[in-house]
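First comes the structure, then the notes that go with it.
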């Protein structure tokens, strides 16, 4: 790392416009190759900002920044992918067995992997939910070590490790394995120390030099919780000599061979174990597969739950009557207009020169005009009123159904067990609450309204055509059979395509969410292109499902057009064949229904029926979360327990065992102890020993496999 410009760079946040808001100011820093530089300072002094700027996530407003080689950035909060331990360490790189086992060993992951049922093939869940904070930090460090970069930026990576483990990892990983690398480390035993205040480098030099020339650094060393660690910086050389015989330096080829031989037994045993595990990889699976309803159609139970969510069934009866009334009023107004044209003339019989003449007056001059006009006007008013009524009721029903479904799912998720969140990626839950709810809120009501209106209109029009041409019923039977075949062929396929589109969206959300959380790690380890390619593949999969769904809908429309053409041709043929036997007004009305209605409304009714069932898969997915998530206790306190609640309670563990999943190893195995009232107990142990699990069972975050926990004599398990 080298600063070459005379002007010192000012690194600021993207939203900052003034130097006063800069995260780093007047930074001039020259880090030599193979140097171990420690960075320390008060909270908010710019330590993390400096490391972030080096990897390019804070852009300099002034000056220049040059980094020689790839810089690996290990963040304060370890970023863990929802994959296996091995995949997290390899991070898209090809397997190098020697370097892989070196990284595992120096990060002290060997014992942890041995306790896992499937070794390094164990899936560790989103954000590493099934492993401890120390294990996350060590896996994150092992990933960086395996990447074999030239520069390493370690941002307080030992904070979640106990002192003994941190010391060993520092010696073996940082001092030994990274001996030929340039390392910037927050506060540890280093060649030089960089002390920062207020976004500026206050002083830089060895520990002894800074104690003499920097009063702020000396005061910081006295007050810092890391004072013991700082004071031991000057003892680094002696400690390194003391441990020189106990640990083999692994950077040179000769010592690497010695390291491999010394670790051969462990590696062979571990490799044999993981090789066997590879054959049974599903045993290490943590994340549950998303529910898949296959090629089945949406069951009536799903429709029933949607109906019940909208204020029950009676409101739907009223809504259906409003739809029927609106359709009847629409058809009646057209039929009444036909009758008006047919019978609305006044007849006047004249005797002219002994000849009888029947003279028809115009409709406007007819004595029946007011009668026909009044009835027609009332039908239009009824049409308007029923249309307004059905619109108001339908909006109320749709909003209620969407709100109730959302609230039920939210209540089920918020009361879900911790196990549910451990095994369910956040993108899958986000998909339910975003896209699926959007379909129910916006698109499903529109589709349902169009389907009800058009299907009832089609049935009314077919009835009127059959009333004019009774012989039309014969070809209708044949056309009904063809229509049934269409529905059976397309219904299940289109519904399944919609399901697949919904399911393929969740991994896309997961990938985007994970990439945003770990973007610093992804960029620093040079995996940006791989993650972009993965994003493209997941996006193509989801877009392909969406395209296939839309294509299937259009293909159905083509076949429905052919069916509509057949119906129109039959009506026109009947008009020609039955000329003279039916009134021209009736024939015209039937033809209008066939042309105007069947050409568009029938096709749209069938399409919206198929689309409605496809969108009901969103209701299916929502109700699945509402009904199939294991919930915690309802939170209602036991009256007998509350009445006898002790003022001072002892805590008694009796043979407590717990596992985080049915196929996962025990996190606590037969733990028994007693804590007396007012006692202060400290819990210690190596990372992964069960300290966090002990607290989890006290909070009842996970159910006990066996045993009991009593607080004040009350069993809380």
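Each residue's number is its place along the chain shown, starting with 1.
Backbone N, Cα and C atoms are what each Cβ position is placed from, and that goes for glycine too.
Among the ranges 529-555, 556-582, 610-636, 637-663, the one that TrEMBL lists as transmembrane segment is 556-582. TrEMBL tags one of the stretches 314-337, 338-361, 410-433 as transmembrane segment, and that stretch is 314-337.
Of the given residue ranges 281-310, 461-490, 491-520, TrEMBL assigns the label transmembrane segment to 461-490. Of all ranges given (588-606, 664-682, 683-701), TrEMBL attaches the label transmembrane segment to 588-606. Model confidence over the domain 'ABC transporter' (6-223) stands at 78, taken as the mean pLDDT rounded to a whole number.
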